[in-house]
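Enquirer: Quick one: this structure, given as structure tokens, is what I'll be asking you about.
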Amino acid sequence: KWKLSLNELGILALLNESHSVDLNPAVLYPWRQRSSGGLSRVKRDWIIPPIRVLENSKQVPENLVQIKSDKIFTGEVIYKLEGPGVDQDPKNLFEIDDKTGWIRSMIPLDREKYRSFTLKAFALSPSGERLENPSTIEIVVLDQNDNRPNFSQKEFAGSVYEFSVPGTSVMSVTATDADDPTTDNAILSYSIIGQESIPPLRINKTMFGINNETGAIYTRDVGLDWEVVKGFRLILQVADMSGMGLTSFANAVIHVIDINNNPPRFSPYLYTMSAVENKVDFVIGWVNATDNDEPGTGNWETKYTIAKGNPSRNFAIRTDPVTNEGILSVVKALDYESQEVYTLTLTVENVNPLSIKAPKNPVSSATVVVTVVNENEAPRFIKDPIEILVPESVVPGTVLASNIAYDPDNAKLKYDILRDPEGWLIINHETGEIAARKPFNVRSPHVKNNIYNAVIRVTDTDAGGISTTASLVITLRETNDFFPQLFPLMGTVCSESGRKTSGLFLTAVDEDLPPHAEPFTFHLQDINVSTHAVLRPLVELETGEYAVTVLVTDSGTPSLSAYAQVNVTVCPCGKDGECKAEAAAIFGTRVGVSFIALLVIMASIALLLLLLLLAVAVGNCRRHHMKKGEGLLVGDSDEDIRDNVLNYDEQGGGEEDEVRHYNMLQLAEPSYLVTISPLGKQPLRKDYPDNLPSPSYPRKPPADPTDIEDFINDGLEAADHDPNIPPYDTALIYDYEGDGSLAGSLSSIASASSDGDQDYDYLNDWGPRFKKLANMYDPR
């Protein structure tokens, strides 16, 4: 195989699997053992042990080992070397003599960079043919103690609580060595070679120790007091070769941590201060407490408390974070008249609880005497705003509020009203009693959401005249002041009773606000409905004008009712439920003329027609009677006036027909609560019992014109004794229109026995159409 020459080692140990080292020449030089049959081959491969090279060697180049092939060749053998350190990085560290096989190191080696190299050696023929398998050669660099140990930091920092017991762990330091850790070159040893207190010279004894193997620093003695010493500076050393080799140094700074072993103490213990009454949120003084613990920490920060003398919580105290002083303030106004002097007891303690190592002393306390300074105070309202609930219909002079303000100094007060835009209020300038000057109106532009605002001022009469104002908030309660008004007051309905038509829609309005307005109630034949109703006939009615009196009641408390008369035009309707054109032309008018006035006009026209018929029938007789002075009509004109008179059909029995048809109307399709009362029952006749039949009315005028007076008197007599209609000249009531009608009553028209008893001047007051008639009967 291969033959090695180990320079400077002196021994070659060839190891073969489990065999022991054997230095038998037959083993060392196997190529010398020959047989008759030729070369004999070794049964097993050789294992070449590592070649050891000392680092940092200055004898370079240095022969390390020589290799030779154990085969016999007739020609020349060339040796080659490959691997890291030769033709691979790092290159040019080793080389081989291609003829002799010597391997040399070319430069000093550094174990901290390259600990070993694995190379391969080849035996080649001159033509480059490999003569046998390559051999592996391992070169190991041996360590020298050429590296100092190094601390991981130039300065270490640690801390320890004051009054710690000996053996308390403080911190650990570390160091490293680049030499071979398997040798003494890298075995380190730690030590403390110096100690200095902060501040200097406070403690001279050795307070700390260090574990020489691990670098753990611990306390060795008692006496660590933050109030005495704030820390220590240590000088550390580390050495390799177990403390006998190379060394390095570092510093360690150890801070002593304060514990809360000193309670705060007041200094001084008595304080005097003053405070002006009626002011809040102002400082009246400072108190001081001292603490020997570390400033800026919770062990030093103080917390002040008012332990006694502050039952109404007029005072408060807080801590100044910079100076640690207590700042005493007034947070609730003081009253000189109530209390002139306050004696406060203060206590103080730390934010952090005391340590168990602190002395067992009582909590420090101090006394503060506060004198209240009197000043002229402004009057005060008992309530601001002053709130009052008043009905809008309040009676003038009603007292709304009293005893509204007082003066803390018991000065005499003067009251006045600064703002009252509607002038509804009056105030007693001495007592402050507020009363209503006149009724309120919730619809005033100065009333918003039923609230009326005023401003009251009160002034004391002391020097300076200090004033105070307050708002007067008056909530107006809506009262039922307005009667409901029915509308519309005229309309049209179909005469047919069974037709499904819309009828006449009735509703009402009320100037009051809820809840004194809708829902309304109406009444007609005991049918109840809600803010509107539909008026329809119960039976088929004759076409014409009807008047319906409706009682409308609102929902106020108490409720108000009002009568309203609705003029209803009854007309024939088509299939679409609308009035026919002819009927609408005659009966469908909506001109708004009162039904009473219409009745008077129609009666007058009928009377005129009868008079004209009478004049035509008795032609010559009329002239005869006129000469004798016995005629009913007197005139001096022969002009025939018949062309100016319209002939109207008979309209029936007047009031009797109206009343009978009145009971044939109904309210249909109710949607709200309503009450309606028929005209035949409102107002009631008090001179006749109810439910008596109506008398017979004269239906046609007599043939003889001289009986006109009797015809009219008979009709009036029947109407006066009819128990089912009101006791008036007409059977219908439209509305009250005042006293003193210029037209007069039809019952005043009567016939006399002679022309001398008649006075026709009133006909001139009936309008242009009756002037011609007046001239006929008045020859003047």
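Cβ from N, Cα, C; glycine included.
Taken from TrEMBL, the feature compositional bias 'Pro residues' applies to 695-704. Marked as domain 'Cadherin' by TrEMBL: 45-151, 152-266, 287-381, 382-486, 540-587. Per TrEMBL, region 'Disordered' is recorded for 684-709. Per TrEMBL, transmembrane segment is recorded for 595-618.
Describe each of these features in terms of where it is and what it packs against.
Expert: DSSP places the residues of the domain 'Cadherin' (152-266) in helix, strand and coil in these numbers: 3 helix, 52 strand, 60 coil.
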Enquirer: When each of 45-151, 287-381, 382-486 is checked against the domain 'Cadherin' (540-587) for Cβ pairs under 8 Å, which one has the most?
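Expert: Looking at each of 45-151, 287-381, 382-486 in turn, the most contacts to the domain 'Cadherin' (540-587) are made by 382-486.
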Enquirer: Do you know the mean pLDDT across the domain 'Cadherin' (382-486)?
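Expert: 88, rounded to a whole number.
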Enquirer: Which residue counts does DSSP yield for the domain 'Cadherin' (45-151) in the helix, strand and coil classes, in that order?
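Expert: The breakdown for the domain 'Cadherin' (45-151) reads 0 helix, 47 strand, 60 coil.
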Enquirer: Just give the helix, strand and coil counts over the domain 'Cadherin' (540-587), going by DSSP.
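Expert: The counts are 7 helix, 23 strand, 18 coil.
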